[in-house]
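Residues annotated as domain 'Gla' in TrEMBL: 35-81. Per TrEMBL, domain 'EGF-like' is recorded for 81-116. Look at TrEMBL and you will find Cys85-Cys95, Cys106-Cys115 tagged as disulfide bond. According to TrEMBL, the domain 'Peptidase S1' annotation covers 187-399.
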Amino acid sequence: HDACSSLAVTLSVLCPLSEDGKLKSKAHMVLRAKRANSFLEEIKPPSKERECVEEVCNFEEAREIFQTQEATLEFWIVYTDGNQCEPDFCVNGTCVDQFQSFVCKCRPGFDGKFCDQRSTARNCSKDNGDCDHVCMDSVDELSRTCACLPGYSLQDNSRTCTTYACGQLPVTKSSDNKAFKTLQPWLVGGEVGKKGESPWQVLILNERGNLHCGGALIAESWVLTAAHCLERSTKVSVRLGDYERFKAECTEVTVSVSEAVIHPDYDTVTVDNDIALLHLASPVQFSTFIVPVCLPSRRLAEQVLHRNGTMTVVTGWGKEDENKKYFSSALNFIKVPLVERGLCSQVMLNNISENVLCAGWGHASRCLRGRQWGAHGHTLPWHLVPHRPGVLGRRLRSP
């Protein structure tokens, strides 16, 4: 009992009288100096609040708290990577958090990446379970899972397969990729891009069918745009696969919008959270000129895509300046680098919050203001990177 005799009062709960060897082992485990805190705190049993909330814990400390490897890993993924299930996008199912991603476990009768579509088959017995490629029955044969052959990717409906992966440019395989030389770009500093170089670019049309805003295709049924585009009216439609607005090119697809979702914290004064989603009435078929852009994980965005000086590409049918009446007829692009937030805050009228970026080129005090979305590629697939919201095509200006 030597290990506990001098600590009989303070360790009466932790060290009940028992075999001498066991007591020494337990006392050694409890008293080991793993944190620079008070003595009494050191001898307390492991606590998630104390070890991992008040301070940063390591995997070994978390393992002591949760006891099992499975429970520890479940906690550790959320603790180190954030909860990818917040917010929960699983419409008719349960969200399962994973490292830099999530998986929706759908309730019976529902399918799709977000469990937002009615199941068309319960098993593989008929029509291959409505799967494009591979159909796999569950053990009880009450549900089925679709998969794709190598070189293909599964669509968000969890049934169809496509060779058009997000952020990839199939136009490089096409012969129809030359710019129309007769078209004159109207965007200051912009260039006429090649047809198909921005296959995720979306033309948002108003009720009269005219250019209203720009957006980016992020999934077969979803378009990302700016919230201020929907302030006056949400009665819009989208056109995909477009390049020259006034010319029929046989690549365009126009789809109506079934729902517009504006960020609940969008501020019309500071234009913070200037973001919105458009749900398409019917999913689009990907093609050489219609491909979604990739959405980066938080870690990829913060550690790679948000670096100061990172080159991004802004695309759209812009104006030369705010006083011009007409927009460009052809899709234009401008390459701009990201600017450090502190530097950009010095020249912007409004405060720049942590959830927006600033970009510009030329003099360091010039920042991009535009409601278009930039894309970053290089060795990675093309990922969406938001720029500070404002007026479409507004030129860079000094303070």
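Note: Cβ is positioned from N, Cα and C throughout, glycine not excepted.
Nobody curates TrEMBL annotations by hand; they come from automatic prediction.
Keep in mind that this is a model prediction, so the values were computed, not measured.
Cβ neighbour count for Cys115 (disulfide bond) (all protein chains, 10 Å cutoff from its Cβ): 21.
The domain 'EGF-like' (81-116): residue composition by secondary structure is 1 helix, 14 strand, 21 coil, according to DSSP.
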